[in-house]
Ligand SMILES: [Zn+2]
């Protein structure tokens, strides 16, 4: 191992100023931001960041999928690319940090390396992925899917909630849907991808840790539960004779919750409950429940779905209704690379920052980039664990510290990783 170059760290003041500058692009009255993918605000944010990247001496391109990529060539001709970044788009009335922070910090890292005269062995790529959030009912992580070579012509043709095909949205925002395959990176190019993000949950603050070393991104399975009972008069139907779909639904909500509280999966949620006909004076005849299960282990999720089938059959028998569990789409869990996690942990230790390991319950572009090479993620604490809200906040000291961890972790990874 060669001697580690001296680093003076990122320019914290500039990092925070730029976060303010981007928060003004699509600002909402309540202090939040609405910067839907492919909107004029999204494009303006991308242009702002492109300017910073160019000023820092990076070669800047916008690929056919609308991803902004800044490149700093490395010294090793066949060392591949170390990539870092996140996204600039947001949900409606979002916070100012989700995604944006990882992009602005990546720019700061490139600047710090240039300023200190440090050249990496690998090419450094700073990426602002397009449409991470899935604006207007689109699938989300569209930009990273294109880089991973997974975005299909079917995806591009599919209309969003407003009836506009993804291809048209992309074209209006400076993309080139007809050349989408040109956005894909060649296999073997990515030596590693590291994404810095706000935690969007309360764990780091609760544990008193300043840095989260992310162990993986949880997998997810959805299921719909259909309950069929018998709608009947609320005044004349005796309690014992009822086939009440709402009562069965209540039992099912608790059964879903127990999948997590009994330790079968990390989190279990029934986020959708509809009963029909949905009036006060009728015993409900039908119910629909939407279930979301997440865990770092896909087999545990499958086992929990099996347990849900059993519970549903029991509840159906007890409540005299039919219960059908329909398994929906699932997203597999992704583990972070132990070497990259080690680089993050080592960087936090070197900087004297307390750290813990934790999984990500939210989806990120990193899970798509895992298809191209090893990934890692760094979390900084979210005050009150709030995100996707104007109240999303992280202490400025933590924002600067996280960017410094990204810098040191990338430098360590530069010494350790090679493309496979
Ligand atoms: Zn995000």
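Yeah, the Cβs are placed from backbone N, Cα and C, and that goes for glycine too.
The Zn(2+) 1 binding site annotation in TrEMBL covers 87, 98, 197. Every protein chain shown contributes to the tally, and the Cβ of residue 87 (Zn(2+) 1 binding site) ends up with 31 other Cβ atoms within 10 Å.
Under a cutoff of 8 A between CB atoms, and with a sequence separation of 6+ in the same chain, the neighbours of residue 388 (Zn(2+) 2 binding site) are 91, 94, 95, 98, 200. Sequence annotations record features per position, and here TrEMBL assigns Zn(2+) 2 binding site to 98, 133, 388.
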Those binding-site residues in 98, 133, 388 whose CB falls under 6 A of ligand 1, listed in sequence order: 98
Residue pair residue 197 (Zn(2+) 1 binding site), residue 133 (Zn(2+) 2 binding site) - Cα distance, angstrom, rounded: 14
Densest Cβ neighbourhood among 98, 197 (binding-site residues), 10 Å radius: 197
Length of the line joining the Cα atoms of residue 133 (Zn(2+) 2 binding site) and residue 87 (Zn(2+) 1 binding site), in Å: 9
Sorted by sequence, non-87, 98, 197 residues with Cβ within 8 Å of centre, Zn(2+) 1: 86, 97, 99, 100, 101, 102, 132, 198, 364
Other C-beta atoms that fall within 10 angstroms of the C-beta of residue 133 (Zn(2+) 2 binding site): 22
